[in-house]
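Beneath this line is the structure, given in structure tokens, with notes to follow.
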Amino acid sequence: MIKKIAVLTSGGDAPGMNAAIRGVVRSALAAGLEVYGIYEGYYGLYHNKVKQMTRYSVSDIINRGGTFLGSARFPEFKDPAVRAKCAEILRSHGIDALVVIGGDGSYMGAKLLTEEHGFPCVGIPGTIDNDVAGTDYTIGYQTALQTAVEAIDRLRDTSSSHQRISIVEIMGRHCSDLAISAGIAGGCEYIVASEVEFNREELIQQIERSIIKGKRHAIIAITELICDVNELAREIESRVKHETRATILGHIQRGGTPCAFDRILGSRMGVYAVDLLMQGKGGYCVGIQNEQLVHHDIIDAINNMRREFKADWLALSKRLD
């Protein structure tokens, strides 16, 4: 019978994480459980940064971006001895189960605690990249999408004024959901996705044809890590004789007030994670599919499940050019 649970956020922060923490804390307290917050992720767990939460610990945070518990990269968690110490610290506080909010790396940590130490963990997908298997949306994705679209709108204003080609690099690592969605919503003339081999020559030829037809400015949305966008801008400008500039949105996409969707999603997932633990279901991760909350075996989600590439969305963007 679970009496005490803990919650931590790990990896990159995402708008809506605070709503998820709040959902965990308040629903667990309402069920008569004790709740502990672990500050600075797995790093904080290893250094025993554990504090008991009350309902007032999570007051006035639902509208705040980031995570008030903090987060930190902690590659040392790959060491079995480090994980053993973390499990020991959890048990020293009498904690029976753990909720982990984060991306794939955070899930891996929860998976190892479950596998190696029999510690019940539930993962909640929190990352702007929307690259976690087993869910249609991750917490933070919709807010980051809105941020990217607003940036594209602003770039279009200045690009049209100066007849300029603008390249905007959007986060996502190896998942192009953000770039594709922002590109469609922002009316980008070209979208470069990481799931499709980048053909630089083809892109430049497309731009040249557009200029011949009278196009005076353009926006190119590209997922990060595909190429050096500043170097690409220089090459395009040299080839097509049209001023070209690159903008890297970077970490601005992680910040800001979470949108209503992410606040609601985080709240729902936080409560659902507690429900699973109270039912004795540790070793799972939470998701939302077709607007319904679901859960999957966390080991299966990491090892066997893959996110589907939005190829039809990319095809749609080309028809809208």
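Heads up, the Cβ atoms here are built off N, Cα and C, so glycines get one too.
Features of the protein shown, as given by Swiss-Prot:
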type     : residues                                                                                               : note
BINDING  : Gly12, Arg73, Phe74, Gly103, Asp104, Gly105, Ser106                                                    : ATP binding site
BINDING  : 22-26, 55-60, Arg156, 187-189, Lys213, 215-217                                                         : ADP binding site
BINDING  : Asp104                                                                                                 : Mg(2+) binding site
BINDING  : Thr127, Ile128, Asp129, Arg164, Met171, Gly172, Arg173, Glu224, Arg245, His251, Ile252, Gln253, Arg254 : substrate binding site
ACT_SITE : Asp129                                                                                                 : active site, proton acceptor
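When the alpha carbons of His217 (ADP binding site) and Arg245 (substrate binding site) are compared, the span between them is 11 angstrom. Around Ser59 (ADP binding site), a 10 Å sphere centred on its CB holds 10 further CB atoms from the protein chains shown.
Of the listed binding-site residues, namely Gly12, Gly103, Gly187, the sparsest CB environment within 10 A is found at Gly187. Counted over all residue pairs in Thr127, Ile128, Asp129, Arg164, Met171, Gly172, Arg173, Glu224, Arg245, His251, Ile252, Gln253, Arg254, the record's binders of substrate, the longest Cα to Cα distance measures 32 angstrom.
In the three-state DSSP classification, Met171 (substrate binding site) falls within coil. Cα separation, Arg245 (substrate binding site) to Ser106 (ATP binding site), rounded: 36 Å. Listed in sequence order, the residues of the same chain lying 6 or more apart from Asp129 (substrate binding site) and placing their CB within less than 8 Å of its CB are Gly12, Gly103, Thr138, Tyr141, Met171, Gly172, Arg173, Cys175, Asp177, Leu178.
Across the structure, Phe74 (ATP binding site) and Thr127 (substrate binding site) are spaced 17 Å apart at their Cα atoms. Within the same chain, residues at least six positions away from Asp104 (ATP binding site) with a Cβ under 8 Å of its Cβ are Asp131, Val132, Ile302. Reported as a whole number, the C-alpha separation between Arg73 (ATP binding site) and Tyr56 (ADP binding site) equals 28 Å.
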